[in-house]
Amino acid sequence: MLLMTALASLIGLCVLGSLWRSGMPGIREAMSGHVTTILAMLLMAQQGWAPPWLGVLLANLLYALGGGLFVFGVRRFLGQGISWPLMSWALCAFVAAMVVYTYVTPDVGARIVLASLIYTVLLMLLAWSLWRARGVRFAYGHVFMLALAWTGIVGHATRLVIYALGLDAVPSLLTPTRLNIVFLSLGVVVMPSLTLGLIMMIHDRMLLEREREANTDFLTGVLSRKAWSKTALQMGERARAEGRPMALLLLDIDHFKQVNDTMGHAAGDAVLRHFAVVAGSMLRPGDALGRLGGEEFMAAMPDLSVQEAQALAARMLALLNTMPCQYGDRQLRYTFSGGVASWDGAESLALAMERADRALYRAKAGGRSRVDLAYSEAA
């Protein structure tokens, strides 16, 4: 059973190692825990002919250390820390007790109780860490791993009680009694499965990051064009269902090419980031701001009339006048032009954006630094 557990852990180690390049925190510690646990299992399998310091003391130390490293890796992945001094003292106490029950008063049952106790504590720490992380993103991998942790807790706690009460006396850890086989089999299932749970959580986070990258404009941090369109369409469906029109505000930074040509693209990037921050600060929590491309941005604002959207854009212009973009030791002052159109969700989003675009170019032709309404709303 111990060799089977070691083999299953080795397979889990190989799969986990394939994710090394992802750069996810905690992978190194979890892999170190796996290597340590595999060594512990191989040493434990030598009990009976290897000296006690090797097959019992060192094996159990590595067993406890491997579990601690794995839990630490999971906690790092979840953004949580661990008290190394406390863990070190716990390991020292564990080894000291093992020395007593190996050389002073040899007792296999007591050693099993100690090993079960430390793993029960480690699994409880793991379960608590996963439960704390539920508010961050309690995905399937978290639930799967939490269920496995509690399975291990119940198994080790039961083993602890049975051997503490002397209900299954064994002369050696490898004695094939019925209960001993059951508990060792549980280890074969739970330990590698915990690694599978961690792999699932890593995979879930990688998907989440790729999704975030696809939905976020890398330069400004606002929604990408695709993500904004998807969000706006969802808003349009709600607007049509509730009969409450929304405002679409198209914004274009004035003379942006001149900024790039005279100051360089780094200055242009600074202006774009600054504008995204200023525009975002003026919008409400339920509004959606996206970058369509270049210096063009679009805001979808539910339950807002075009007149209110126009007034909001005017306040945005006033704020830009008092808060220029700081670029090194220089202040870059700029303005924008805008076009506003109302959208009820029944008309296609493309047509509504086209009306806002025509209003924008009318604002440009009218002298810039202004926001015009689409003709249907201005009439």
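Including glycine, each Cβ sits where the backbone N, Cα and C put it.
Predicted automatically and left uncurated, TrEMBL annotations should be read as such.
For 53-74 (among others), the entry in TrEMBL reads transmembrane segment.
Distant neighbours of the transmembrane segment (86-104): 52, 56-57, 60-61, 64-65, 68, 72, 110-111, 114, 118, 121; these residues of the same chain sit at least 6 beyond its ends, with a Cβ under 8 Å from one of its Cβ atoms. Here TrEMBL flags 86-104 (among others) as transmembrane segment.
Sequence-distant contacts of the transmembrane segment (110-131), counting only residues of its own chain at least 6 positions beyond either end whose CB sits under 8 Å from a CB of the stretch, comprise 56, 60, 63-64, 67-68, 71, 74-75, 78, 80, 90, 94, 97-98, 101-102, 142, 145-146, 149-150, 152-153, 156-157, 159-160, 163-164, 170, 173, 194. Among the features that TrEMBL reports, transmembrane segment is placed at 110-131 (among others).
Taken from TrEMBL, the feature transmembrane segment applies to 143-167 (among others).
Look at TrEMBL and you will find 179-202 (among others) tagged as transmembrane segment.
Across the domain 'GGDEF' (244-376), the model assigns an average pLDDT of 94. The feature domain 'GGDEF' is assigned by TrEMBL to 244-376.
Taken through DSSP, the domain 'GGDEF' (244-376) splits into 62 helix, 38 strand, 33 coil.
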